[in-house]
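Peer 1: Quick one: the structure is below, and I'll ask about it shortly.
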Amino acid sequence: MDMSHYSNDFITDFSKQTSSQRPPKNAFEDLQREISNLLQSNDPSPLFKLRSFLEGYSSDPAHWSLFAYAEPTKQYTRNLVCEVPGVFNLLLLVWTPGKASPVHDHADSHCLMKILKGDLRERRYAIPSKPGHEGPLVKISDLNYGFNQVAYMADQLGVHDISNPSQTEYAVSLHLYFPPNAALRGCHVYDLENGGARHVIQGLYDTVKGVVSSKK
């Protein structure tokens, strides 16, 4: 694949991260600890605090480059930062220039997304109200999120796809899922043209805590 039009800096710095050595303590590690502590507490309504944690973190590649594995043959990579099984998982996604996710739901979980690098476009669609519905999905919003912005998504708000609008630059985003239902039982992806849904099981993470999966 000709990658000459991609950002050389990103590929050089981030696409070959295989070391398990942890970076020094920083604000990104503080963010992980805050998230983990809150979601393992008895707080019945943690969403507002979690969003404030993410909004309060100022992205710095020196903090998260260990987790930023890029693979230009994929739309995006899924890199596990940390998790508490059954409680939450925190993923860092690296988006290939010009690529997008399929339209998908969130398996009855909450999702918070923070942009760490670049920009991402989110298109939301209404979930078909009747089983067996046939017809194009109805778009209800089309938004762009920039550096350090935070977005929230849940099934009550519809389904969505995420894309990297840049044709030359990778984008990086941080995704918090609680509970981590999609990792446990999969989710649904939707056909834009006919509204059909199919259940998919998520594959292995591309990296786990900075180490490239040997089974990818």
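Glycine is no exception: its Cβ is also placed from the backbone N, Cα and C atoms.
Predicted automatically and left uncurated, TrEMBL annotations should be read as such.
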Peer 1: HIS104, HIS106 bind Fe cation in TrEMBL, but which of HIS63, HIS160 does that record place at the same site?
Peer 2: HIS160
Peer 1: Can you name the residues of this chain that are 6 or more positions from HIS104 (Fe cation binding site) yet have a C-beta less than 8 Å from its C-beta?
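Peer 2: Looking at Cβ-Cβ distances below 8 Å from HIS104 (Fe cation binding site), excluding near sequence neighbours, one finds VAL159, HIS160, ASP161, CYS187, HIS188, VAL189, TYR190.
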Peer 1: Identify, in sequence order, the residues in the chain of HIS106 (Fe cation binding site) that are 6 or more apart from it along the sequence and have a CB within less than 8 Å of its CB; answer 'none' if there are none.
Peer 2: MET153, ALA154, ASP155, TYR177, ASN181, ALA182, CYS187
Peer 1: Given the Fe cation site residues HIS104, HIS106, HIS160, which other residues of that chain have a Cβ within 8 Å of the mean position of their Cβ atoms, reported in sequence order?
Peer 2: SER101, VAL103, ASP105, CYS111, MET153, ASP155, VAL159, ASP161, CYS187
Peer 1: Including all protein chains displayed, how many Cβ atoms other than that of HIS160 (Fe cation binding site) lie within 10 Å of its Cβ?
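Peer 2: Excluding its own Cβ, the number within 10 Å is 22.
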